Amino acid sequence: MIKHYLKTAWRTLLRSKGFSVINITGLAIGMASAVLILIWLQNMMTTDRFYKQQDQLYILCNRDSQQGNVYAWQYTPKILGPTLRQEYPEVEDIGRYGTGSTLFTAGEKKITAEGAFADTGFLKMFDLTVINGRDPHPLQGSDKVILTESFARALFGDADPVGKTLQLDNRNAVTVSAVIKDLPANTQFDYKYLLSWDYAKKIDNYDEYWSNNSVATFVLLKPGTDIRNFNSKIRNITIAHNKRADMQTTEVFALPLSKRFLYDKAVNGRYVTGTIVTVRLFGIIALLILLIACINFMNLSTARSEKRAREVGVRKVIGAPRRALISQFLMESVLMSAIAFVLAIGIVVISLPFFNRLVGKQLSIAWQNPFTWLFALGFVLFTGLLAGSYPALFLSRFQPVKVLKGRLVRMGGNSRVRLRSVLVVIQFTFSLILIISTIVVSRQINYTEQRDSGYTQNGLVYSFLTGDMEKNYTVIKNELLASGAVTAVSKNMSPVTHQYSNGWGANWPGATTEEQHITFSRYSTDAGFVATMQASLLAGRDIDITKYPSDSSACLINETALKLMKLKNPIGQRIEFDTTFHIVGVIRDFVIEGVESKVEPMIIQGPCSWFTTMHYRLNPSHPTADNLKKVQAIMQRYNPAFPFEYTFVDKDYAKKFAALQQTSRLSSLFAGLTIFISCLGLLGLIMFMAEARIKEIGIRKVLGASILSISTLLSRQLIQLVVLSFVIAAPIAWYLMHRWLLSYDYRVGIRWWWFALAGITGLMIAVATVSWQAVKAARANPVKSLKTE
């Protein structure tokens, strides 16, 4: 029976080649789009969710209230983990994770790599597989390092690295204790090496301050631990141990590791949103694209009902039950779905490299996984049954007497035409919502890109203070300025595009107890900050320790901090912030973190602070390449053990737009595909309408009707449906985009003309699709259509 169904279905496909091609093409593009999105979403959904003790793993978080708002963050004091392990029996193990960058020297080879400090428990908790090395405690002691497989190969080639000695930052020797497998693609961890916290203490990169949130702390809880009860126990651990408990309101809680990636944004102190929004959004888009492709199939199948009516009538007369007819039509749709899926896989394989660049991943189809084949089978059946369900039910209910007497109602104002109209409206409503959303996302990107950063990015470069750079900073600075390659130099806590530190507890004249709980961004400079950044001073002067010896305790504040402090005459006022500073200047707000977020109050501390970065402004009068050659020569003269590395601030700043740009590119791509698939459906419908009314068109032409009037007759109804789709899509898109924009402090206002642009674009595409076939039908020779009359 199934063989008979397949043979009949195949003959039907060949008999109507044009409609079969349209249906299969639409389904193939829809299925390919859905598969690409699902591969990407599957990668995100499984990020850090593959560990053996997954259900017992948690990351510790902080929560605090400031000015009526509740904030949460996932960095904690270094001392928190060991304290929990010592005081709470529910904790089986802990693993602290603190990132950093280190220069590795192996013989003549020097490589700077990103890695982390970690506890021994980290290896057990995250199932790190040792592929070389027999040391039972590879992270105990200050003289050991663990390398990933690829990094070990980069340093030692094919030689056995275990037991080999490496120089770190040209000052400390360590021994390779183990080599571990490279990290999987779907993890948030990113390191080439692991060092112990004993090594961190050795290089003075360790503290036990309860107010310094600087590492990620993971805990492995014992089986059966009640997480709510555990969270209630540890809530006030920071308050209990902090010496400044009178100023401390921070609470600690444990978040399941499985939620760390998907729920990475806190609202009112709870991690309830974040990446999961992207997963849900594109999951819906994948379903909508597939649904639009299936609607095409439904529309074209029901529109061609008269072509199949006599077949249904004859089958019923000779005794075929309705169930057999439903099975036949479903078999046809499943066969078409299978053919479309084969084409879709070809499209996926060809487009996957491009899609990988688009999403910044290395995605692939896991052919060796049996689940992949089960998914493929289920996907084909689901699509085939979804697309063929209504046509099968619709065609199988024809009454044979009416059909064989030729009394089947032709296309007109009946319920079948109304249903097809509804399906067309649904298709284009979804498509127009995506187009409008794409325009809004694009405008939001443009709006944030045009935001004044508060300093001049062009020509500004930074290098990290590695090796002997800080020791030789003064002479390096003087020689750079004397060389003419740079016009200004400044030493700072971090790159101007990244915030390394913040804190609460600042006190100033007139500050209330509540205001002392406000978190301030913390930055630092030695001298020349304003000149190097080409920022604007609103009052006072820049910090300059060479001219003003008292500037060792000086600070700048930004205009947001000034408004918060309500200081009428800020210059000379004192601020207590771990130590006592006096204000020498007020600087205009500048963007240091999220480009879509409001600028936080900031205190820029003077030379008594710690530094990691040197900024320098290249001389615009000379070629950039020549300037960098001079800078490199000076840097390597005073820091020969380290390679010269630099970053252009404008390029670093542009990376802040990566997530938004990715969303924009993806939404543009899939909006275009939905419009294309919808237009395929319109093309099929107008082809059928022209075929069904071919004699009417011939008579009209004989009676003198123009090509324009016939084209209008054929296309008017479909164009009206597209216009109706826009009327429905516009308010829905406005609501969705308004809600989306509310998540940004710095956001664009929605403009009416964006909707007009989307509507005109969709209408023009639809008109072009329909008119082409309508004009073709209107230009046909009427003799061919009337010669049988």
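Even glycines carry a Cβ here, placed using N, Cα and C.
For 20-236, the entry in TrEMBL reads domain 'MacB-like periplasmic core'.
Note on the transmembrane segment (21-41): residues 279, 282-283, 285-287, 289-290, 292-294, 296-297, 300, 336-337, 339-341, 343-345, 347-348, 351-352, 355, 359, 361, 363-365, 379, 383, 387, 670, 673, 676-677, 680-681, 683-684, 687 of its chain, located 6 or more positions outside it, place their CB under 8 angstroms from a CB of the stretch. According to TrEMBL, the feature transmembrane segment maps to 21-41 (among others).
Residues annotated as transmembrane segment in TrEMBL: 281-300 (among others).
For 284-400 (among others), the entry in TrEMBL reads domain 'ABC3 transporter permease C-terminal'.
Annotation comment: TrEMBL describes 329-352 (among others) as transmembrane segment.
The transmembrane segment feature in TrEMBL is assigned to 372-396 (among others).
Residues 285, 288, 291-292, 295-296, 298-299, 302-303, 411, 660, 663-664, 667-668, 670-671, 674-675, 677-678, 681-682, 685, 717-718, 721-722, 724-726, 728-730, 732-734, 736-737, 740-741, 748, 750, 754-755, 757-759, 761-762, 766 of the same chain, all 6+ positions outside the transmembrane segment (417-441), place their C-beta atoms under 8 angstroms from a C-beta of that stretch. The transmembrane segment annotation in TrEMBL covers 417-441 (among others).
Taken from TrEMBL, the feature domain 'ABC3 transporter permease C-terminal' covers 669-782 (among others).
TrEMBL lists 669-690 (among others) with the feature transmembrane segment. If you look at the transmembrane segment (669-690), the same-chain residues 6 or more away from its ends with a CB under 8 A from one of its CBs are 18-19, 22-23, 25-26, 29-30, 33, 37, 285, 288-289, 292-293, 295-296, 299-300, 303-304, 358, 411, 420, 424, 427-428, 430-431, 434-435, 437-438, 697, 714-715, 718, 762, 765-766, 769-770, 773-774, 776-777.
The transmembrane segment annotation in TrEMBL covers 718-737 (among others). Beyond the transmembrane segment (718-737), the same-chain residues lying 6 or more positions past its ends with a Cβ under 8 Å from any Cβ of the stretch are 421, 424-425, 427-433, 436-437, 440, 682, 685-686, 750, 755, 758-759, 762-763, 766-767, 770.
Note on the transmembrane segment (752-775): residues 428, 431-432, 435-436, 439-440, 443, 675, 678-679, 682-683, 686-687, 690, 707, 710-712, 714-715, 718-719, 722-723, 725-726, 730, 733-734 of its chain, located 6 or more positions outside it, place their CB under 8 angstroms from a CB of the stretch. Per TrEMBL, transmembrane segment is recorded for 752-775 (among others).
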